[in-house]
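Below is one structure, written out as structure tokens; comments come after it.
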Amino acid sequence: MTTDLATPPTQPAPARNPENTVSRWWAPVAGLIVVVVAFAATELVAALGVWAGLFNPAAAPITSLANTFIVLTPEWLKHFAIVTFGTNDKVALEVGMYATIGIAALVIGFIAARWTKIALAAVVVLAVIVGIAVITRANATIFDLLPLAIGIALALIVFNKFFPARWTATGAPAKPGVPDRRQFFRSAGLTAAGAVVAGGLSKVVPTGAAAIQSRSEIVLPKAAKPYVVPAGSSLDVPGITALVTPNKDFYRIDASFQPPIINPGTWSMQIKGLVDNPMTLTYSDISARPMVEAPITLTCVSNEVGGTLVGNAVWLGTPIRTVLQEAGVQQGADCVLCTDVNGFTLSAPLEALMDDREALFAVGMNGEPLPFEHGFPVRMVVPGLYGFVSATKWIASMELTTFSKVSAYWTQRGWSDHGPIKLSSRIDTPAGFASFAVGESVVIGGMAWAQNTGVAKVEVQVDDDPWAEATLSKPLSKDSWVQWKYTWKAKGSGPRTLRVRATDAAGKVQTDQRAEPIPDGSSGWNSRTITVT
Ligand SMILES: Nc1nc2c(c(=O)[nH]1)N[C@H]1C(S)=C(S)[C@@H](COP(=O)(O)O)O[C@H]1N2
Ligand SMILES: [Mo]
């Protein structure tokens with residue numbers, strides 16, 4: 001071993017007066033405050049600007065970061081999120097994002113007390129990432145970076161306050177970076193309070209006020225044949241899903257962090273690509289067209305066997321087919337690339353939009369204008385196709401093209417091009433592991449769907465007993481799910497397994513072949529175990 005001559009003499013530790021200084025955690029806290037100031041100020045300026053009509057919603061950094069993250073998310077992570085968090089995946093994303101930003105901020109502060117310039121560089125990198133997230137959103141402009149610039153400027157002022165010696169002193173020896181305790185608490189407290197107030201205010205600025213007002217004033221057009229659910233359509237089974245899903249309970253799946261709040265007065269959509277007459281349609285153009293009203297059951301391809309990513313609504317809209325006929329679809333097109341107002345894409349098979357099914361540009365859902373989460377002002381609804389290849393919400397354009405030329409968000413992630421919904425059935429009641437006495441009547445009930453064909457029969461099997469036919473609710477239409485029920489006299493004792501299968505109107509029996517949702521939808525029989533005692 002040699003003596004290490006390169007070791008510098010140890011610096012005398014800065015004199016510390018425990019009464020007068022803060023301990024080691026001050027630096028991460030200061031870093032956190034700097035970052036919170038940056039975000040809160042940017043959010044507030046953006047919100048005020050969006051409200052005043054100066055900026056696009058993309059100017060808001062958190063939303064833009066989240067939407068960017070969603071678009072870049074690999075399929076396995078997205079699927080994991082939907083399966084693990086269900087329709088709470090957005091909340092999970094928000095929590096995860098705040099946690100990541102928070103940790104980055106603490107690290108920045110930790111570094112700043114020692115290597116101020118490196119920390120400053122990290123702040124700049126963070127700002128650039130947010131800037132890219134903002135500017136790459138569809139319809140964002142360079143002006144949408146203004147709130148971020150203001151937020152960063154403020155954050156740098158705060159940074160300089162907390163870490164002065166380390167980055168203003170050019171060449172001068174670094175002073176001990178530990179601030180006076182009382183002073184630190186005062187400035188940190190004031191700045192943090194200011195940032196929290198700004199962040200809170202940014203949440204209450206009514207950025208979507210004009211759009212919300214317009215939506216509330218809409219008088220929906222009347223369908224040639226208004227649809228009314230016939231009285232007595234539903235089965236009376238406690239614990240079974242309602243035949244028509246109330247809007248507030250309707251599942252929501254989309255790659256949009258927050259639903260875009262669109263003003264119908266400024267909205268329009270384009271029909272372009274392989275068409276003889278490209279068209280631009282405004283909200284009034286759509287509303288003035290012939291209207292159809294029909295119950296159609298929507299299903300998400302991510303729905304697992306027995307899952308709840310399925311809902312039934314009475315939709316009001318104009319047939320897509322006649323719009324495309326007017327546009328004059330050219331020879332060779334087989335795919336419609338649909339884009340929403342955020343630039344998100346979805347590809348639909350052309351034939352499903354042109355055949356005799358009721359594919360709609362929908363404006364109404366269960367008697368009211370579409371809710372913002374469900375695609376206001378106009379969305380597509382195509383009976384018989386999973387949502388990811390058809391049900392474009394917040395639609396902005398349709399391009400007639402070919403599958404050989406384009407791929408869309410989900411199809412790039414390994415999901416199939418053509419997404420016919422698989423014949424499915426589900427048990428809603430009784431609850432798993434419910435227990436029944438021998439001889440007791442067990443009311444088994446649930447839902448079955450075979451959109452664009454219709455459900456003809458549902459059967460229930462207990463263990464290895466023969467399949468028994470269930471009673472069906474009166475089908476509302478071939479595109480609408482049905483309720484089914486079967487009453488079983490409990491016998492035997494111990495665990496008993498119930499399973500269900502449906503047969504569609506074309507005579508096809510639901511397969512027991514298990515398949516995961518990816519790439520073209522789950523299959524297999526839903527089963528449930530109860531106990532007979
Ligand atoms: N613009 C847009 N439309 C979209 C999606 C989306 O991510 N963005 N998701 C689709 C998927 S996967 C489904 S299952 C349905 C869900 O519609 P809902 O949220 O109204 O139930 O919308 C479809 N339309
Ligand atoms: Mo979906």
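Every residue, even glycine, has its Cβ placed from backbone N, Cα and C.
A TrEMBL annotation is a machine prediction, not a hand-curated record.
Annotated in TrEMBL:
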type	residues	note
TRANSMEM	25-47	transmembrane segment
TRANSMEM	54-72	transmembrane segment
TRANSMEM	92-111	transmembrane segment
TRANSMEM	118-136	transmembrane segment
TRANSMEM	142-163	transmembrane segment
TRANSMEM	184-205	transmembrane segment
DOMAIN	259-405	domain 'Oxidoreductase molybdopterin-binding'
REGION	503-533	region 'Disordered'
COMPBIAS	523-533	compositional bias 'Polar residues'
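For the domain 'Oxidoreductase molybdopterin-binding' (259-405), the predicted model reports an average pLDDT of 96. In terms of DSSP secondary structure, the compositional bias 'Polar residues' (523-533) contains 0 helix, 8 strand, 3 coil. Under 8 Å from some Cβ of the transmembrane segment (184-205) lie the Cβ atoms of residues 22, 26, 29-30, 33, 36-37, 39-41, 43-44, 46-48, 50-51, 60, 158, 161-162, all in the same chain and six or more residues away from its ends. Long-range neighbours of the transmembrane segment (92-111) within the same chain, counting only residues 6 or more positions beyond its ends whose Cβ lies under 8 Å from a Cβ of the stretch, are 27-32, 34-36, 39, 62, 65-66, 69-70, 81, 84-85, 118-119, 122-123, 126, 162, 257. The DSSP breakdown of the domain 'Oxidoreductase molybdopterin-binding' (259-405), given as helix, strand and coil counts, is 25 helix, 60 strand, 62 coil. Tertiary proximity for the transmembrane segment (142-163) is limited to same-chain residues at least six positions away from its ends with a CB under 8 Å from its CB atoms, namely 27, 30, 33-35, 37-46, 49, 54-56, 58-61, 109, 112-113, 116, 119-120, 123, 127, 130-131, 134-135, 177, 179, 184, 187-188, 191.
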